Amino acid sequence: MAKSQIWFGFALLALLLVSAVADDVVVLTDDSFEKEVGKDKGALVEFYAPWCGHCKKLAPEYEKLGASFKKAKSVLIAKVDCDEQKSVCTKYGVSGYPTIQWFPKGSLEPQKYEGPRNAEALAEYVNKEGGTNVKLAAVPQNVVVLTPDNFDEIVLDQNKDVLVEFYAPWCGHCKSLAPTYEKVATVFKQEEGVVIANLDADAHKALGEKYGVSGFPTLKFFPKDNKAGHDYDGGRDLDDFVSFINEKSGTSRDSKGQLTSKAGIVESLDALVKELVAASEDEKKAVLSRIEEEASTLKGSTTRYGKLYLKLAKSYIEKGSDYASKETERLGRVLGKSISPVKADELTLKRNILTTFVASS
């Protein structure tokens, strides 16, 4: 197979993966609004602004609603960013945020939702208007809850990098951060060496004082090699947190929790793979020995990657030069299906490393 076809396959797979992990709340734009709304299903639409405090407070409730109704074929749960999509917001008379409107099936004439802004009330409203009987889904919590009983065991574990939010239940900024912080925990839930945690420092004042907490929320990072901890002073968007953890922990996740194309790549072994592919049949065993030697020097999480490089190099020698491209194709097909996150990680690492074999052929 030509290299261009292989790289096209990678790009297509990436698009499939992004679609598979898209938010349960459908994002609408000026261009897509009337292609989705007013058709064969009723639609509940939140018109919001990213800077709006009430919108931030509503966000986790609305996401819970979206998760619950995602399989309901007769109902759409959607949202519009009115900072970006001014035309459609103006058209439907939006003058404050958040504005929630219900569009009946086959109609672009909305009725404004005036009820409580929580998932339970919204679900009751949608079920009534949409003729559905959907129960609210339980939303998994991936943020580790700390207490005085487990704080030292979790935070001071020298095998883990731990990000801790010290918060107070009454703190408005903490409430605004909560949905983003939960997403951060979800992104890194497959990483054994990373923990995203929080502590109610209002209820557990002694721990807050011990770590110099004087305002809420306070975020502190406790890396494996510095359990005194230090303040996190970065941005508070999802991408900011993900970039920080990737840099500090050596992980390679995107904001959807998928491994990036850099995951598993070891530069020194990549260089040896290129030599292996270019080597004559008589020279390949000598290069394989060097790969084995280099892999044995790796430490920490890279030890796993070294073993995978060695295994794939042996398969490349045993099965022939077309092994890498055929195996890459097969992995692409499997990754395009519904598989567990653990399996997806395993196959993505393998595919990433095989990319060097393919590119060097």
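Any Cβ shown, glycine's included, is placed from N, Cα and C.
Sequence annotations record features per position, and here Swiss-Prot assigns active site, nucleophile to CYS52 (among others). For the recorded site, CYS52 (active site, nucleophile), the DSSP three-state label reads coil.
Within the same chain, residues at least 6 positions away in sequence whose Cβ sits under 8 Å from that of CYS55 (active site, nucleophile) are GLU46, TYR48, ALA49, TYR97, PRO98. Per Swiss-Prot, active site, nucleophile is recorded for CYS55 (among others), and the stated evidence type is similarity to another entry.
Here Swiss-Prot flags CYS171 (among others) as active site, nucleophile. Non-local contacts of CYS171 (active site, nucleophile) by the CB criterion (under 8 A, 6+ apart in sequence, same chain) comprise PHE216, PRO217.
Sequence annotations record features per position, and here Swiss-Prot assigns active site, nucleophile to CYS174 (among others). Annotation for CYS174 (active site, nucleophile): spatial neighbours GLU165, TYR167, ALA168, PHE216, PRO217, criterion Cβ-Cβ under 8 Å with sequence separation of six or more.
According to Swiss-Prot, the disulfide bond annotation covers CYS52-CYS55 (among others).
What Swiss-Prot lists as disulfide bond is CYS171-CYS174 (among others), and the listing cites sequence analysis.
Marked as domain 'Thioredoxin 1' by Swiss-Prot: 23-131.
Per DSSP, the secondary structure of the domain 'Thioredoxin 2' (132-250) breaks down as 39 helix, 24 strand, 56 coil. Annotated domain 'Thioredoxin 2' per Swiss-Prot: 132-250, in sequence order.
Marked as signal peptide by Swiss-Prot: 1-22.
Residues near GLY53 (site 'Contributes to redox potential value') in space but far in sequence (CB under 8 A, at least 6 apart, same chain), listed by position: GLY172, SER176. What Swiss-Prot records for GLY53 (among others) is site 'Contributes to redox potential value', and it gives similarity to another entry as the kind of evidence.
Using a 10 Å Cβ-Cβ cutoff, HIS54 (site 'Contributes to redox potential value') registers 13 neighbours. Annotated site 'Contributes to redox potential value' per Swiss-Prot: HIS54 (among others), in sequence order, evidence recorded as similarity to another entry.
Listed in sequence order, the residues of the same chain lying 6 or more apart from ARG117 (site 'Lowers pKa of C-terminal Cys of first active site') and placing their CB within less than 8 Å of its CB are HIS54, LYS57, LEU58, GLU61, PRO98, ILE100. The site 'Lowers pKa of C-terminal Cys of first active site' annotation in Swiss-Prot covers ARG117, and the record cites similarity to another entry as its basis.
Packing around GLY172 (site 'Contributes to redox potential value') is summarised by its Cβ count: 12 other Cβ atoms lie within 10 angstroms of its Cβ, all protein chains included. Look at Swiss-Prot and you will find GLY172 (among others) tagged as site 'Contributes to redox potential value'.
In the shown protein chains, 15 other C-beta atoms lie within 10 A of the C-beta of HIS173 (site 'Contributes to redox potential value'). For HIS173 (among others), the entry in Swiss-Prot reads site 'Contributes to redox potential value'.
Residues or ranges marked as site 'Lowers pKa of C-terminal Cys of second active site' in Swiss-Prot: ARG236.
For the pair ARG236 (site 'Lowers pKa of C-terminal Cys of second active site') and HIS173 (site 'Contributes to redox potential value'), the Cα-Cα distance reads 11 Å.
Long-range Cβ proximity for CYS52 (active site, nucleophile), meaning a same-chain Cβ under 8 A and a gap of 6 or more residues, is found for TYR97, PRO98. DSSP classifies ARG117 (site 'Lowers pKa of C-terminal Cys of first active site') as coil under the three-state reduction. Neighbours of ARG236 (site 'Lowers pKa of C-terminal Cys of second active site'), defined as other CB atoms within 10 A of its CB across all chains, total 15. Here the domain 'Thioredoxin 1' (23-131) has a mean pLDDT of 95 out of 100.
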